[in-house]
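As recorded in Swiss-Prot, the features of this protein are as follows:
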BINDING   Thr11, Arg15, Thr264, Gly307, Gly408, Asn412  ADP binding site
BINDING   Thr11, Thr12, Ser13, Thr264, Gly307, Gln311, Gly408  ATP binding site
BINDING   Thr11, Arg81, Glu82, Tyr133, Asp242  sn-glycerol 3-phosphate binding site
BINDING   Arg81, Glu82, Tyr133, Asp242, Gln243  glycerol binding site
Amino acid sequence: MEYLLSIDQGTTSSRATLYAASGESLATASRPLAQHYPNPGWVEHDPQEIWEGQLACITEAVAKAGIAPSQIAGVGITNQRETTVVWERETGLPLHRAIVWQDRRTAELTESLKEQGLEAMVRERTGLLLDPYFSASKLCWLLDRVDGLRQRAERGEVCFGTVDSWLMFKLSGGKSHLTDISNASRTMLFNINTLEWDEELLRLFRIPRGMLPEVRGSAAGFGHTSGEVAGAEIHIAGVAGDQQAALFGQGCFAPGMAKATFGTGAFVVMNSGARPGVGDGALSTIAWQLPGEAVQYALEGSIFIAGAAVQWLQEGLGLIGNAREVEVLAASVPDSGGVYFVPALSGLGTPYWDPYARGVVAGLTRGSTKAHLARAALEAIAFQTLDAIRAMEQASGIALKELRVDGGAAANNLLLQIQADLLGVPVLRPRCTESTSLGAAFLAGIGAGVLDTSAIAAQWALDRRFEPQMERERREELHRGWQKCVRLSLGWEKN
């Protein structure tokens, strides 16, 4: 049997899973990851905790599976993207806490660049909007604020990387300073047209070229683990950012195929084929590059509050005792009774990109109940997904035929039925909803030569298909009501 090890580094946990090449999960181990909030809007991780947690997970998962590390054909890595790590090249020691993708400390810098009229240039080269979300402004902040860091970086003593780079450096015993093309595309320093680090963007953000990792295809081979670290020299065979890995794990290999991952937030990603999509609301990014093949691009929609809206019903309002109760409560009424909830609790993402938007509950009457608000919260997740997909359809010129889903909230049958009704296309839930981890394993399988995309596509198995049951006129009527409420929320904090 061929074994594949998937290393999945999330925002709140570290996880390692051992798979058979068939996609069967054999053993898994996880550790929580602490988040640090030194100032309002700041979010940090300890890179050493990331590394030590992953090492413990790898050791535990391999032991649970009862195999020797030497039996593993390939390691795949997937990770929270954009999170920025700097470390000393010689010792491998971190020089600052990692600045997490959620961190907003560089808002003034990105706003200033917008005011200088630079967003169109950045968008054309990277597919991304000028926003603190991405790595470039975070790295610029570190170079400016950490004493002596810029000078050391210019002397070649400092490495920068996203979390995949950090883990590869540590796993290889300091031999591999690499990243994959999907993670590079989230830094705002990588040109998605020329497929190179962009010299003009490096000058704009004042980043020394020598601190950047080498960029490789997603299954191109990334060296080997150190025998001292992992117990054997294992091929690091596949790497992708978490959302790209989930798209791959869902078998979305053809243009127009899309997946939505429902977690605290939600990410909707559509395969857009061999050319970047162009549109106002959706981000254009690189999905992956396989050996001997052209780069595959993707369109992405970011939804900041999805499952977190249900969490707010529980913790903020006390309407439910736990997240699982929301489905039963929402199903106790046939609709939301005209109640809308725009969960702009930390701004709105795709396609609005408004950090100043704030939450709105509208349409309340004397007959409104907590069940109506619970249903409105589920509808809010589905409406936001609809908005993101419409932006992607406009950018790609491709009409969505079905949506594959994963993540924790994909267990909510009512949510998925509402989603199908509002989209007007089937929503498909696979048997395995750990698509991110599985996608990293599949990329490792391709890199190790034990899998190909046709074998992966054949392994995708349906758990349940949700068919739309709502008339188009009713769907559009509900969406107009949603858009009216969104307009109320936009710019609220600024105005």
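Just so you know, glycine gets a Cβ as well, placed from its N, Cα and C.
This view paints the features noted in Swiss-Prot onto the structure.
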residue : record                               : Cβ neighbours (10 Å)
Thr12   : ATP binding site                     : 12
Arg81   : sn-glycerol 3-phosphate binding site : 24
Glu82   : sn-glycerol 3-phosphate binding site : 25
Tyr133  : sn-glycerol 3-phosphate binding site : 24
Asp242  : sn-glycerol 3-phosphate binding site : 27
Thr264  : ADP binding site                     : 19
Gly307  : ADP binding site                     : 21
Gln311  : ATP binding site                     : 18
Gly408  : ADP binding site                     : 14
Asn412  : ADP binding site                     : 24
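Shown are the binding-site residues Thr11, Ser13; of these, the residue with the fewest other Cβ atoms within 10 Å is Ser13.
A straight line from the CA of Arg81 (sn-glycerol 3-phosphate binding site) to the CA of Ser13 (ATP binding site) spans 14 Å.
The shortest Cα-Cα distance between Thr12 (ATP binding site) and any of the binding-site residues Tyr133, Thr264, Gly307, Gly408 is the one to Thr264.
A distance of 13 Å separates the Cα atom of Thr11 (ADP binding site) from that of Gln243 (glycerol binding site).
Taking Cα separation as the measure, Asp242 (sn-glycerol 3-phosphate binding site) is nearest to Ser13 of the binding-site residues Ser13, Gly307, Gln311. Measuring Cα to Cα from Gln311 (ATP binding site), none of the binding-site residues Arg15, Glu82, Tyr133, Gly408 fall within 10 Å.
Closest to Glu82 (sn-glycerol 3-phosphate binding site) by Cα-Cα distance, out of the binding-site residues Ser13, Arg15, Gly307, Gly408, is Ser13. On the backbone, the CA of Gly307 (ADP binding site) and the CA of Ser13 (ATP binding site) stand 17 Å apart. Across Thr11, Arg15, Thr264, Gly307, Gly408, Asn412, which the record gives as binding ADP, the greatest C-alpha separation is 24 Å. Spread of the glycerol binding residues is 15 Å (greatest Cα-Cα distance among Arg81, Glu82, Tyr133, Asp242, Gln243). Cα proximity to Tyr133 (sn-glycerol 3-phosphate binding site) (within 10 Å) is found for none of the binding-site residues Gln243, Thr264, Gly408.
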